[in-house]
Amino acid sequence: MTLFRGRRILAGAMTLVAAAALAACGSKTTDQNTSAGVTADVSGDTVKVGLLNSLSGTMAISEVTVRDSIMLAIEEINAAGGVLGKKIQPVGEDGASDWPTFAEKAEKLIREDRVAAVFGCWTSASRKAVKPVFEKNKALLFYPVQYEGLEQSPYIFYTGATTNQQIVPGLDYLKAQGAKSLYLVGSDYVFPRTANKIIKAYAEANGMKVLGEDYAPLGSTEFGTITNKVKSSGADAVFNTLNGDSNVAFFKEYKSAGLTATSMPVVSVSIAEEEVKSIGTQYLEGQLTAWNYYQTTPGAANEKFVAAYKAKYGADKPTSDPMEAAYVSVYLWKAMVEKAGAFDVEKVRQASDGITFEAPEGLVTVDGATQHIAKTARVGKVGADGLITEVWNSGAPITPDPYLKSYPWAGGLS
Amino acid sequence: MTTVARDPVTAADPTPPAAKPAAGPSRHRFRAVAGFAFGAALLFAVAPLLLSDFRLSLLAKYLCVAMVAIGIGLAWGRGGMLALGQGVFFGLGGYAMAMHLKLADAGPGNMPDFMLLYGQLDELPLWWRPFASPWFALPATVLLPMAVAFVLGSLVFRRRVRGAYFAILSQALAAAMVILLIGQQGTTGGTNGLTDIQGFFGYDLDDPVNQRMVYFIIAGTLLALLALTRHLMQSRYGELLVAVRDGEERVRFLGYDPATVKLVAYVVAAGMAGLAGALFVPAVGIISPAMIGIVPSIEFVIGVAIGGRATLLGPVLGAVAVAWARTALSERFPGTWTYLQGLLFVVVVAFLPGGLASLVGLLRRGDGERRPGWLRRSRRTEAEAS
Amino acid sequence: MTVLIGQLFTGVSIGAVLLLIALGLALTFGQMGVINMAHGEFIMAGAYTTFVLQQVITAAGWSLLIALPVAFVVAGAMGVLLEILLIRRLYARPLDTLLVTWGVSLILQQLARDIFGSPNVQTRAPELLTGNIALPGGITVANNRLFILALAGGAVVALTVALRVTPLGRRIRAVVQNRDLAAVSGIATARVDRMTFFIGSGLAGIAGVALTLLGPIGPTMGTNLIIDAFLVVVVGGIGQLKGTVIVAFALGVLQASGEYLTTLSVAKVMVFVAIVAFLQWRPQGMFTLRTRSLA
Amino acid sequence: MTEQLHGLYVRDLRVSFDGFTAVDGVSLDVAPGDIRFLIGPNGAGKTTLVDAVTGLVKATGSVRFGDRELLGRPVHRISRLGVGRTFQTSTVFEELTVLQNLDIAAGARRGWATLLRRRHGVPDEVAEALEVIGLASRADQLAGTLAHGQKQWLEIGMLLVQDARLLLLDEPVAGMSHEERDATGQLLEQVSRDRTVVVIEHDMDFLRRFARTVTVLHAGKVLSEGTVAQVQADPRVQEVYLGHPVDAGTAPTATEA
């Protein structure tokens with residue numbers, strides 16, 4: 001009797017499910033326009049933009065600084081009259097270092113707040129998580145961090161470097177310095193693994209040897225074995241794609257093993273000024289980094305940016321490449337909107353090609369075809385004061401090539 | 001409401017409670033049916049009418065977490081097994097579903113986009129192939145987690161690894177699983193997980209109407225799981241499970257094998273977590289290692305503890321409330337949310353081990369014969385369980 | 001061969017780190033049955049103590065040496081506070097202790113973020129400890145690893161001596177073996193519990209100081225360590241230190257050799273499988289105190 | 001009851017923990033239907049003996065119940081052979097009702113099909129046991145809310161429905177009032193009609209009234225065995241108890257408190 005009752009409840013629930021599913025099927029074909037994207041709300045005298053960064057969790061360390069520099073750009077633009085006569089009203093969200101949360105918050109910014117554009121994300125994983133959300137809603141994301149390439153979404157503008165603007169120039173530099181063999185060390189996630197594939201293809205085409213390749217789980221702080229392997233390999237240089245905390249442990253171990261910037265230099269692509277501060281110059285002095293911007297990059301635009309940043313957030317706060325790229329992204333969006341004469345996403349996209357901006361890193365140009373930007377590559381050396389000084393640059397902005405189509409050796413990669 | 005009989009000590013006086021089984025069950029049954037009807041009305045009529053598409057999809061996500069919570073309530077609240085690695089089963093279910101949907105998106109004979117990008121594989125790895133068939137993938141979302149739970153559970157319960165040891169081992173399992181998934185980027189998507197899922201058995205997930213359909217499926221499944229769990233809790237097995245929780249050795253002396261009793265609850269809880277993971281994928285469009293590790297696994301437990309671990313509805317309401325509070329609060333006060341989450345855990349678990357449900361229980365005490373074990377957990381028995 | 005010996009040393013030094021972070025747990029979990037998930041945050045407190053001291057005492061060597069006792073007291077005091085406020089009420093509910101202390105660890109992490117900021121902070125190591133000793137045959141032994149090995153060894157010896165020789169140690173052991181009997185024999189068990197917790201948590205503080213030589217100092221540094229540390233104690237067995245010592249080094253060498261042959265990811269999974277298998281064989285860990293009490 | 005009565009036959013039983021021998025070569029026979037009391041000073045090995053019989057600790061030697069060897073079987077198998085026990089501290093399931101406690105005890109042989117269903121009404125053997133232990137009116141009360149004596153009776157009731165043919169009771173009347181002791185004693189007498197009962201007890205008044213035979217253990221060995229009168233007259237027993245002033249109050253020769 002009782003069991004029967006239980007079954008009836010269960011059966012009832014199942015019927016409901018089936019009914020609901022059927023109801024949904026019925027309306028499946030009728031509704032097409034609902035998925036056609038959400039128009040931004042620009043009716044008032046302000047325009048909302050979304051800021052989507054991790055303010056809590058493991059990624060907060062890096063992403064908070066990006067949030068700060070986006071806010072700086074918005075304040076500057078508002079002080080100068082806003083965009084198309086409207087003040088920018090930032091709506092901040094916390095991605096909490098959790099990828100599904102990023103997707104959820106992106107959806108909220110687009111659908112509930114009806115923002116005109118979103119600035120943010122840091123890790124590839126968070127970008128991959130929100131990408132379908134932006135594409136589905138036909139909304140814009142400005143992504144400010146160097147990344148592994150192999151992506152070109154019509155609804156994302158990539159203002160950080162792609163691989164041919166950071167990794168390839170870094171390799172060019174090493175080759176010019178006479179490095180014949182490399183050891184690859186990286187965190188176990190998308191960027192390092194993809195970067196290392198490119199590096200291996202490059203090395204093969206340029207007569208360099210890759211003597212080893214090791215990955216540490218994200219957040220890992222145990223580098224005894226990897227350092228042993230690196231040391232015994234006798235490579236000319238190490239290409240380091242480790243992320244975050246792991247860098248601290250790696251460089252401490254590296255120095256303890258008696259390896260130095262002169263005996264075996266390390267080129268890092270995830271260590272900017274902020275990270276130098278937390279690792280310590282004791283361990284980093286003389287090591288190399290590859291970026292597009294350093295706090296020390298010369299030029300009036302940068303002097304103004306650094307001064308404004310320090311005035312707002314404190315004299316001890318360094319500026320770094322992702323912060324600069326985030327700062328620039330807001331200005332680029334402003335220029336696109338003004339050229340288009342509207343906040344409409346499709347019009348903004350169409351207007352984007354050829355937009356230029358005198359950025360702290362130098363002149364940058366939006367490439368409408370890839371929605372990446374042309375930027376100058378720079379290799380720098382960590383000094384005793386914790387700042388990075390440029391030792392080489394590419395001379396001119398490099399056209400973005402996220403799929404490395406113009407590099408014959410990269411044929412098998414994408 | 002009268003509070004006369006609140007103190008359990010008074011219940012030991014010579015006048016026995018007169019409640020005879022005759023009156024109790026039918027009233028309970030009526031209440032249960034009414035409750036389910038009310039829940040169904042709330043989930044199927046009220047929520048879709050009141051909430052925007054976006055909020056409804058959030059609710060769908062919360063309900064998935066609630067499904068995991070039901071299982072934890074069963075295993076932990078009723079069975080005393082603090083399952084701190086439920087993320088593993090959630091992930092197994094989620095990945096099984098996402099693998100199928102990715103393959104369906106790619107079309108027959110094609111490989112998912114990320115494999116081409118990151119894996120540089122020439123053909124689909126062998127272990128992916130069966131997931132192309134829904135007849136394999138769908139049962140796998142539930143059976144795979146259950147099988148893993150069965151293997152781990154029969155290993156550890158038989159050797160009487162329990163209490164804290166079990167909790168720590170299940171955490172370590174979660175950590176190991178994350179490392180394994182991330183390490184196999186070419187075939188699992190690494191830290192990115194499986195993203196950008198477009199279709200759900202032929203329905204375009206970008207279409208809000210279909211999102212609504214997914215919500216209805218999730219709500220219906222939740223109700224079904226509640227019915228199943230209610231039945232389990234009230235069956236003889238449910239009574240036995242409580243007995244094992246409170247006195248494993250004693251049950252052994254009665255001639256039962258407690259390992260089997262625990263194993264069943266653990267495996268059922270794993271199946272529920274797997275189902276939740278599988279439904280989470282079409283609702284949110286992503287499954288990644290971030291949903292699996294130690295922290296999310298503990299966060300599954302928080303709602304259960306706050307709602308009331310040994311009750312049927314407590315875990316569900318607790319999980320939904322906590323998930324909602326996180327969304328609402330972390331939007332404005334990210335740091336504050338961390339403090340609040342920590343404080344909630346500390347205050348509820350330390351000072352209100354029955355969860356918020358025990359407050360309701362205090363008000364309602366004294367009406368009916370079948371009192372769930374809300375009110376106080378016996379101290380001796382938990383010490384014994386360690 | 002050189003590599004092999006180098007790896008062996010790496011394994012031993014991983015073991016020393018594990019031992020240092022697990023030693024405090026061996027006391028609080030092993031001897032008292034308290035699962036303190038905030039143990040990792042006590043380690044963090046030790047590391048931040050070093051950082052703060054370095055702002056005052058700029059000589060890296062001195063600040064490190066002074067940090068050891070100070071961190072011991074700071075972390076120990078935090079432990080006692082936790083014991084008095086919460087854990088005391090939960091001795092009969094070990095699983096609830098786990099959840100409560102996890103809540104505490106969340107709060108402590110956020111507190112660290114609010115006080116010191118989200119980014120990692122840096123400390124300077126004394127130059128002596130950033131170098132290495134070259135042995136014949138091209139083997140180098142890092143000084144900081146040697147220091148940690150010595151520190152771990154010292155802590156084990158000190159703890160063993162303290163437990164065996166001092167009156168407090170005898171009381172601690174009496175309480176572990178038979179709490180009721182100890183209580184009726186006139187031992188103030190509550191005070192002994194508090195002292196045990198002080199020492200166990202203080203050891204976490206010392207581990208924190210040592211970790212500044214190896215890795216990052218940030219709000220979440222403790223969470224990465226805590227599970228490994230618990231596994232060491234679980235496998236080592238409850239109530240005895242020698243199990244913890246042996247297992248810490250065994251897991252260190254296992255992980256190092258696994259990592260050398262495969263990758264760190266695979267090595268970590270291997271260690272987990274080994275632990276489950278081991279617990280099949282000896283569910284109570286390597287060594288346990290056998291008592292007559294009801295199982 | 002149609003089932004046959006069995007006796008308990010222990011031969012040369014030894015239990016040691018890390019070098020300490022708790023039970024040192026005990027041999028004893030308990031006749032079918034007997035009420036045997038085990039007494040002895042603290043640490044004599046009484047509880048350990050019961051632990052060994054029920055499979056809780058490893059032991060050497062031989063323990064037979066009827067013609068079945070018990071040593072070497074896991075706890076729940078021994079239980080299914082009809083050996084039931086209680087503990088010094090009561091171990092009823094406090095979060096379950098009296099009825100549920102008894103129902104669980106009665107159900108060790110149930111299949112999953114039965115387990116996964118709800119219980120309807122009261123099984124016959126449970127109803128019978130409820131009457132025997134006098135808790136019929138409290139069937140739906142949570143066991144945790146019972147008085148101390150009632151919990152002990154519930155435990156005995158659980159052994160009855162479990163269909164234990166050998167009852168091993170560890171200090172069943174500790175902490176009971178006089179009336180409760182009498183009731184317990186009568187319960188034991190009723191139960192022993194078709195079961196064999198072994199009781200560990202310190203209460204000498206209770207022993208004199210209800211014991212049929214007595215075994216005195218000392219330092220892991222059998223010191224004396226026989227009827228109450230025989231044991232009381234045994235000079236070795238008097239010596240042991242007088243040599244242990246702590247236990248003097250419980251010595252058979254001492255006057256009741």
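A Cβ is built for glycine as well, from the same backbone N, Cα and C atoms used for every other residue.
Unlike curated records, TrEMBL annotations are generated automatically.
On a predicted model such as this, the values are computed, not experimentally measured, just so you know.
Range annotated as transmembrane segment by TrEMBL, chosen from B:264-288, B:339-363: B:339-363. Fewer than three CB pairs closer than 8 A are found between the transmembrane segment (B:30-50) and the transmembrane segment (B:135-157), and contact between the two stretches is not assigned (pairs 6 or more residues apart). Residues 68, 71-72, 75-76, 128, 131-134, 137-138, 140-142, 144-145, 148-149, 167-174, 177, 181, 188, 193-194, 197-200, 266, 269-271, 273-282, 286-287, 289, 291-294, 296-298, 300-301 of the same chain, all 6+ positions outside the transmembrane segment (B:83-101), place their C-beta atoms under 8 angstroms from a C-beta of that stretch. For the transmembrane segment (B:310-327), the list of distant contacts is 58-59, 61-63, 65-66, 68-70, 72-73, 77-78, 222, 226, 229-230, 233, 299-300, 302-304, 337, 340-341, 344, 354-357, 372-374, 377: same-chain residues at least six beyond its ends, Cβ to Cβ under 8 Å. Cβ atoms under 8 Å from those of the transmembrane segment (B:164-183) belong to residues 81-88, 91, 95, 152, 156, 190-191, 193, 289, 292-294, 297-298, 386 of the same chain, restricted to positions at least 6 beyond its ends.
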